[in-house]
Structure formats: structure tokens, C-alpha cells
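Report on the structure given below.
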Amino acid sequence: MSKKRKTPKSAPPSEQVAPIPQIWRRPWFPAVVFALLAVAYFHEFPFSDKVILGLDTGTDFHRGARESIGEKIQSLAQPRWGAHMGGYPQYEEIRHQYFPTHLISLFTSHQRHLGWRYLLTMFAAGLGMYAYLRALRLNRWVALWAGVAYMSAPTFLSFPYAGHYAKMAVIALLPFMFLLLERGMTQGRPRHFAG
């Protein structure tokens, strides 16, 4: 004689639990992870009046804090000559207004602006590596882990101590450059090469 298998009883409709939404499957989940991780690394900065002090950023912590937004906008114009260099043209120097995060400085002091640049650059590094590896069709979790590893690299994280935002920005933008190059080569559209 064969034994009859008992079929499991399902719970009545009133007792069934609604499925828990799996937020890690959402398309915005990696960006949130990278943003939270960047805030965690610089946790003393965003929600206080502290600054991220690099060795070559200076100690004038209130520079630009008392200027109005109008005065800061007027300072964005490229000078045609250097008053301190006897009229020598200074088009060749690195100008602060060309950095993508410079708009933040219109609303805060110079030192706080530097801190936000570090935080946003770190976020961009993780997100860029994730986007590049996903474009290469790597697994979502592998790309997420690689983005976390890329933005957590010791050399990358040591640049705020020295005050080297430009080096940090180049490292953060490298995956985006690879992403555009990959898309340009696979899709053949010139707009990807323009990036």
C-alpha cells in the first residue's frame, strides 16, 4: 500500500503575508548604496559645520561664506590678465570654475565646497565603475562589489588628506571614460566619443 501524501494547507487569504519588496532589485539601489557609503566615509562632514581639511587647502575656513551669490557669480568670469603677475595672461592655469561641482560653492564657503567635492567624487567613482561593468554585461552583484572596491581604494581615499581633488576626480571619471569608449566602439555612435 502506498502512503498518501498530505498536501500542505495554505493559509487563509486573511493570514497570508504580503511579499516583502526586494529593494536590491530596483535600478536605483546601487546609486543609493554608493551615496550611503560616501556619506559613511565622510560622516562627520555633511551634517555638521566641520570641514575636510587637506594639507594644501588652507585654513581660511570662512572664505566665501560672507559673499553673496551675485558676487560669487561675478567671480566666475575668466580674467584677461593677472593683477599679481604684472599683466601676464593666465589662461593656462587650472581655473576652479571649470570643475563640475563648482556650483556648490555659490551656496557655501570654500572649505565646505571642497568637502562636498570629495563626497560627490567618491560617489561618482563607485557609480561609474558599476555602470561600466554593467555595460560589459557583468553580474549586477559583481559590478556592485567592484564599485564599492573602486571607491574604497586606499590610494583614492588618501587624496582628501593631501587636498588633491583633481587627482581624485580623474580617477573617479576614468570608468565613465571607459564606458563611453565601450559604447562608442560597440554602437558606433559619434556622440559616445564626444564624452
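Just so you know, glycine gets a Cβ as well, placed from its N, Cα and C.
For 27-43 (among others), the entry in TrEMBL reads transmembrane segment.
Per TrEMBL, transmembrane segment is recorded for 115-133 (among others).
The domain 'Membrane protein 6-pyruvoyl-tetrahydropterin synthase-related' feature in TrEMBL is assigned to 119-193.
Remote same-chain residues near the transmembrane segment (140-159) are listed as 30, 33-34, 37-38, 41, 118, 122-123, 125-130, 133-134, 165, 167-168, 171-172, 175 (criterion: CB distance under 8 Å, separation of at least six residues from the stretch ends). Under the heading transmembrane segment, TrEMBL lists 140-159 (among others).
Residues or ranges marked as transmembrane segment by TrEMBL: 165-181 (among others).
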Hey, which bits of the same chain come close to the transmembrane segment (165-181), Cβ under 8 Å, at least six residues off its ends?
94, 99, 114, 117-118, 121-122, 124-125, 128-129, 131-132, 135, 150, 156, 159, 192-193, 195
